[in-house]
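Peer 1: Before I ask anything, here is the structure I am working with.
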Amino acid sequence: MSDYMMNDDSQDNPHADISQEDVWTVISAYFQEKGLVRQQLDSFDEFIQNTMQEIIDESPPITLRPESQHHPGQAVVSNNVSTFSVKFGQIYLSKPTAEIDGVSQQVTPNQARIRNLTYSAPLFVDITKTVMTGSKSKGDERRTDEVLKRIFIGKVPIMLRSQYCMLNEADDRDLTTMGECSFDQGGYFIINGSEKVLIAQEKMNNNHVYVFKKSPPSKYSYVAEIRSCQETGSRPTSTMYLKMLHNTNKGPVGIKATVPYIKQDVPVIIVFRALGFVADKDILEHICYDFKDAQMMDLMRPSLEESFVIQSQEVALDYLGKRGSTMGTREQRIKFAREVLQKEMLPHVSVAEFYETKKAFYFGYITHRLLLASLERRPLDDRDHFANKRLDLAGPLLGTLFRQLFKKLTKDVRLYLQRCIDKDKEFIASSAVKSKTITSGLKYSLATGNWGSSKSGGTKSGVAQVLNRLTFASTLSHLRRLNTPIGREGKLAKPRQLHNTHWGIVCPSETPEGQACGLVKNLAMMSYISVGSASQPILEFLEEWTTENLEEISDLSSIFSATKIFVNGMWVGIHHQPDKLLSTLRLLRRCGDVSVEVSVVRDIREKELRLYTDPGRCCRPLFVVQDNKVQIKKQHINKLINNDEYKWQDLLSEGIVEYIDAEEEETVLIAMTPEDLVPMPNEQIVHTYTHCEIHPSMILGICCSIIPFPDHNQSPRNTYQAAMGKQAMGVYITNYQLRMDTMAHVLFYPQKPLVTTRSMEYLHFRELPAGQNVCVAIACYSGYNQEDSVILNQSAIDRGLFRSMFYRAYKDEQKKQTSLMEEVFEKPERDTCAGMRHGSYEKIDDDGLVAPGVRVAGDDIIIGKTTPLPPSDDDLGPKTRRHTKRDSSTALRSSETGIVDQVILTTSGEGFKFCKVRVRSMRVPQIGDKFSSRHGQKGTCGMAYRQEDLPFTVEGIVPDIIVNPHAIPSRMTIGQLIECLLGKVSASTGDEGDATPFTDVTVEAISQALHKIGYQMTGHEVMYNGHTGRRMDAQIFIGPTYYQRLKHMVDDKIHSRSRGPVQILTRQPVEGRSRDGGLRFGEMERDCMISHGAAQFLKERLFDQSDSYRVHICDICGLIAIANLKKNSFECRRCKNKTQISQIRMPYAAKLLFQELMSMSIAPRMFTQT
């Protein structure tokens, strides 16, 4: 009874449990605060606010002394020797600007797009110049500092909607005045007017020990590897390997290590001795921890025996130095070895002096891990586990690039300073700093997508891509893409497979088909990528909480029983009460004293506690559960709804939700829904859950969240729809009239779907839809919908069904060839202009531009432009004198027609005149156009019947589309059938149907609802044949389904040719529709003709219609002879033959081949049969 009462007033009770509806309130709060491209923006802001300053602070000051002029390398010996040094200090970034008529002005993103500018902000830096005079020994040392304020060092492209973008704080009205769309999420750059995205790059985790088993062909059985890199500063990673060899017939072999800059593999024990641990006992204490462990001690024996010879640190260092790159005296070698051990080996542990203890402990730990794996006590690592992956977003990517460019800049400053000192000139900061280095370096990489400076070799391509603007969903999806930089050729299946740990982080369905399958992924809806925070606070906290530091451990055997503590892969100490430490850390994270994105992983089996604060980890939010109760209650929901101040951030800081990354996820138990937390009355086992999913449908990404009932479809169908949803036409952005995109498709009358999912709200799919609700019947009706084609209703098309507008923009610029010759926009005249096209010049005005509203057809000139010819020499005769200019106009594409929509004439960044012309054409659906439902069921239009020829129901309803029933059974897209049923209910009741996956909507419930309205339960209806008016035998499944028109239209693909342009080299027809090329009769077609025995046809295709050519050959030697047909004289000079010459026909390509063979002294002799 009391239970019943509790449920009754759950609305008023603030401590009541939450309902399914409340969960969506929380999700809405998340997206309101985060948006959909937060990961891009946060990462970029981190780069601007912290990384750039760090990089500049890290770079050492430039210090120089004057060199003697005649003995380079020797310092001038005199009393008043000055030492100059230059140090870069604080940086400043101003608002985005651009040069307009030589004046720097603020620029809005839309201006940048239209005028092909780069949306970037100038970067300034303070430079401190120090001059030291006199000498220390005499005590008259003087030092003068001079601070040069705000020296311009380059421009940094700004990500739209980031902290430094002018759209950051703007509200909807401001955005409209700036010509921006309020739905646009930002997260991309504008480089030379085109929008560029940085695709997140996946990589292996640094500073983490991996142990892998090697297969027989390799000579090692187990390999432990670690990619080590310092926390601050992206110095390149140094990788270290420890290798365990297979036991040979001579007995067991020792463990070898690969040390950076040392050419051979070195025995492990020698490395320990070089670190200063000489006695065997000391070394084994660092590796085995427990001397009672006989098996492990046995494994170490061969290693100790093999390094028995070397018994002191000096000898060990010399052993390493000998195998290094520098050969010198013994002292130099030892110094080299010490340097390598300090700076290059495991740099993440320490690069400071007195590094030995820490490094020995860590090195021992790596060895320990290798031994554990070879004893099969600890499982091997999984390369594809998502905890072992990190994502490089815009921040780290720009960071590495900026570091390389800044290095280059300092090098230039150094050279300039040296010149100043040698010539005793004044040091002028503005001329010392080449601002172009950083500006053009960043611009080049973002424009081409080639990442990394050209010479260092580490270039990746395809990192920056042009933002896809076909549909709004395709734009969003492109901003949330992940790329794995593995060669696409490798047929490796493992990295491509869906891994358990992808749950909730990567969309399971959205990935391309073909060679990039599984390597290009997309983020799930609520996935969050850590920005990274400093590890210092955590280290200080551990220090307070009785962590034993590695240097302080008195009894080394206690390591075996204690828990090791790692922070970002660095072993910082051991602890004897890990459970207390763990709960304290979690508590601190939940109340916000430690950053929310820190992950705390306790590995109980391996006695390790790993803490991570690094950037690029994938996390996702979950509800916190304590004592099997969700911490979020009705009161929090009410606050979210009613209180504008209460946001997602407050839920985090109150410890109601928390971010869990892929590694910590392995140590928690997650309930699927809050209902799962209520224990069944008769269940034996009660699970102790620690967290609860917010909503299972959040495992999907952008494109799959548009699919209704994806949990009722066969999985590849969802993948196909994810790819096709990106090609659907809709309104791709609301300011499309103000933009000049190269290509754009806009549907005339987009509709929001009758059957929606809850996630669509956050994708703005209701405001910017890409499709229409059409009435679909599943029937055969004539044979015009076989093999995935569909029958359309011509009358509906005439009323505007699926009509769309296609825009294409053409651009041109008056470039300067030289100082004298400048191109001009004008109407070219035939008598003064050389090289004019065959298109019509009538449409353009005298200023060289076509007026808006003019109808243009293929090959018409729309931008007239002339280039002056260089004044020619007199001896070329009078013929060339007439022409003073050359025509370099832009013509409309030959296969298109349309109406000029908009013409913009402006100046480009360099101050030249520059224009863009946009042409629009209406596209009416016709036979051959492609359509698809939201379930991967694509089809082309096979026939369009008028309304009176189509079947109709009792109510007089005529379908708009008829789909063939054969498309359903083998593809198992049951989701489409349920959508049709639910659509029928929605259309009748006027409510939106909810098709969110993993909810409790059942087909039975929908059928019942349909039955109530008065339709047949399964959605079938009696229909009448449109041709005869008779009742059809079968009942037909009919109802509204959401269909998309895809961008593949027959008008853009139709192509034929009789005669046309040929290639110069082979004289065969060129390839491609845009060049009016031929249709290739390929090898397979040739083989078919051979098997048919159609010899004459074969000759016609491959010879007469392709590149027939007439050659004269000498009958004596069989080589090509000289023929002059005008004079009717023939001769072969080799044979002194003028009479015995034959004329033959052969393909021009064969003639070319023969001549190339002749150039290589091979004589292909041809003899005719007389």
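Note: Cβ is positioned from N, Cα and C throughout, glycine not excepted.
Taken from Swiss-Prot, the feature Mg(2+) binding site covers D788. Annotation source Swiss-Prot lists region 'Disordered' at 864-893. Per Swiss-Prot, the feature Zn(2+) binding site maps to C1114, C1117, C1132, C1135; the stated evidence is similarity to another entry. According to Swiss-Prot, the zinc finger annotation covers 1114-1135.
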Peer 1: Drop a 10 Å sphere on every Cβ of the binding-site residues C1114, C1132, C1135 and tell me which sphere holds the fewest other Cβ atoms.
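Peer 2: It is C1135 that, of the binding-site residues C1114, C1132, C1135, has the fewest other Cβ atoms within 10 Å.
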Peer 1: Whole-number Å distance between the CA of C1114 (Zn(2+) binding site) and the CA of the residue listed as 'Mg(2+) binding site'?
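Peer 2: The residue listed as 'Mg(2+) binding site' has its Cα 60 Å from the Cα of C1114 (Zn(2+) binding site).
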Peer 1: Would you mind checking how many other C-beta atoms are within 10 angstroms of the C-beta on C1117 (Zn(2+) binding site)?
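Peer 2: There are 16 such Cβ atoms around C1117 (Zn(2+) binding site).
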Peer 1: With an 8 Å cut-off on Cβ-Cβ distance and a minimum sequence separation of at least 6, pull the same-chain contacts of D788 (Mg(2+) binding site), or say none.
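Peer 2: Result: Q937, K938, G939, T940, N964, A967.
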Peer 1: To test your reading of the Zn(2+) site: which residues beyond C1114, C1117, C1132, C1135, same chain only, put their Cβ within 8 Å of the Cβ centroid of those residues?
Peer 2: D1115, I1116, G1118, L1119, A1121, R1133, R1134, N1137, Q1140
Peer 1: When DSSP is mapped onto helix/strand/coil, what comes out for C1132 (Zn(2+) binding site)?
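Peer 2: The three-state answer is strand.
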Peer 1: Can you give me the average pLDDT across the zinc finger (1114-1135), rounded to a whole number?
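Peer 2: So the average pLDDT across the zinc finger (1114-1135) works out to 93.
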